[in-house]
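A short write-up of the structure that comes next.
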Amino acid sequence: MGRRARSARSFGVSPLWGGVSVRSGDRGEAAVGGLWEVPDFWGLFPSRISPLAGEVESGTRVWLDGWRLVEEAGPGERLKASKVGRLVALAYPDAPADLLRWAADLFAWLTAFDDVHVEAPGVTTAELGPHMASFVGVLETGTAPGAAPTPFPAALAELLDRARELLTPLQEERVRARLGKVFVAMLWEITTRERTVSTAEYETMRPHTFFSAVGAALVEPCAGLDLSHGVRADPGVRRLTQALATLWERTNDLYSFAYEQRALGSVPRTLPWLIAQERGLPLDAAFAEAGRWCEEEAVLAHRLIGELSASAREGVPEYAGAVAHAIGGTRRLYEVSDRWREE
């Protein structure tokens with residue numbers, strides 16, 4: 001972590017904390033001991049953290065404890081190690097305290113449910129389906145069912161109540177729509193454990209299983225903006241929002257690869273593995289290819305940020321700047337969080 005990175009414009013690589021090395025030609029198994037390398041393009045984007053980071057982190061832990069969403073020791077410790085409050089403080093450094101606390105609690109809720117239920121060993125769509133139905137009911141009615149078997153629906157209803165106070169109606173609607181896609185994606189994720197999906201299918205769903213599409217929708221309100229429909233529909237603005245969500249999910253697949261391989265005892269079925277299967281590549285070459293996909297998206301995002309920063313349309317330059325900081329905080333996210341660290 002203390003090594004000096006090369007110039008971002010040369011697109012060098014920076015080492016992970018620890019990683020895995022893969023035998024040449026091996027697409028199925030990996031051996032612990034080497035380093036995966038992640039493209040270093042972060043110097044293209046600014047980065048800073050909200051001064052409210054510590055306060056928000058503490059508040060989210062209190063919120064989680066109050067709702068008793070995670071009572072098992074293992075998932076509970078991993079959730080605390082995620083440091084969600086500090087992560088949102090990096091993504092949205094200019095957000096006011098109440099909005100930053102809400103965003104942290106929302107991501108803590110999503111992560112807690114994913115850790116406890118979606119990632120549970122052997123979970124089936126039949127077991128997960130009733131949870132999804134209850135969440136959709138909360139999205140539609142704003143209230144939780146009276147006899148819910150877990151506190152998750154009631155906690156979601158509370159989060160949506162707070163959203164109505166903090167967001168404009170259109171911003172709230174966008175967040176609800178993206179949450180609905182998350183619930184579909186959670187069911188989809190269970191189906192991928194018994195089949196190999198295409199990279200196209202994976203890339204369609206991954207921004208929702210990683211919650212990055214939800215995160216991208218929060219950039220506007222967290223920057224204090226209320227963009228018009230015309231601005232939101234602008235192709236450049238839409239593509240930049242998509243690039244942010246894509247970069248978040250792709251870089252997570254790279255940075256978490258070593259941790260997931262170690263935790264699973266096998267190669268994680270994420271983007272590098274899927275590229276290896278689809279193209280017949282050794283896993284190390286497929287990992288490098290996934291890194292190139294990240295580089296290409298980063299270059300595109302950088303170009304769009306430059307173009308939109310010069311726009312005369314109201315709110316567009318400010319939105320471009322907010323996205324730039326959301327991208328730029330990504331590398332520090334993996335320095336701040338202990339969730340994916342090798343032991």
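Positions of Cβ are set from backbone N, Cα and C atoms, glycine also.
The model shown is predicted, which means the values in this text are computed figures rather than measured ones.
Record features, source Swiss-Prot:
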{"type": "BINDING", "residues": "D114, E119", "note": "Mg(2+) 1 binding site"}
{"type": "BINDING", "residues": "E119", "note": "Mg(2+) 2 binding site"}
{"type": "BINDING", "residues": "R206", "note": "substrate binding site"}
{"type": "BINDING", "residues": "N252, S256, E260", "note": "Mg(2+) 3 binding site"}
{"type": "MOTIF", "residues": "114-119", "note": "motif 'DDXXXE motif'"}
{"type": "MOTIF", "residues": "252-260", "note": "motif 'NXXXSXXXE motif'"}
Counts of helix, strand and coil residues, the motif 'DDXXXE motif' (114-119), according to DSSP: 5 helix, 0 strand, 1 coil
I'd like to confirm something. Which of the binding-site residues, D114, E119, R206, has a Cα closest to the Cα of N252 (Mg(2+) 3 binding site)? R206
Spatial separation of R206 (substrate binding site) from D114 (Mg(2+) 1 binding site) - C-alpha basis, Å: 14
If one measures from the C-alpha of S256 (Mg(2+) 3 binding site) to the C-alpha of E119 (Mg(2+) 1 binding site), what distance in angstrom results, rounded to a whole number? 15
Which Cβ among the binding-site residues (D114, E119, E260) has the fewest C-beta neighbours inside 10 Å? E119
Long-range neighbours only, meaning 6 or more apart in sequence with Cβ under 8 Å: which ones does R206 (substrate binding site) have? S212, E249, R250, D253, L271
Counting only residues 6 or more past its boundaries, what in the same chain has a CB within less than 8 Å of a CB in the motif 'DDXXXE motif' (114-119)? 69-70, 72, 75, 78-79, 128, 131, 186, 189-190
Alpha-carbon distance [E260 (Mg(2+) 3 binding site); E119 (Mg(2+) 1 binding site)] in Å: 12
Model confidence over the motif 'NXXXSXXXE motif' (252-260), as mean pLDDT, sits at 91
Count of other CB atoms lying within 10 Å of the CB belonging to N252 (Mg(2+) 3 binding site): 20
Other CB atoms, at most 10 A from the CB of S256 (Mg(2+) 3 binding site): 18
Would you mind splitting the motif 'NXXXSXXXE motif' (252-260) into helix, strand and coil residue counts from DSSP? 8 helix, 0 strand, 1 coil
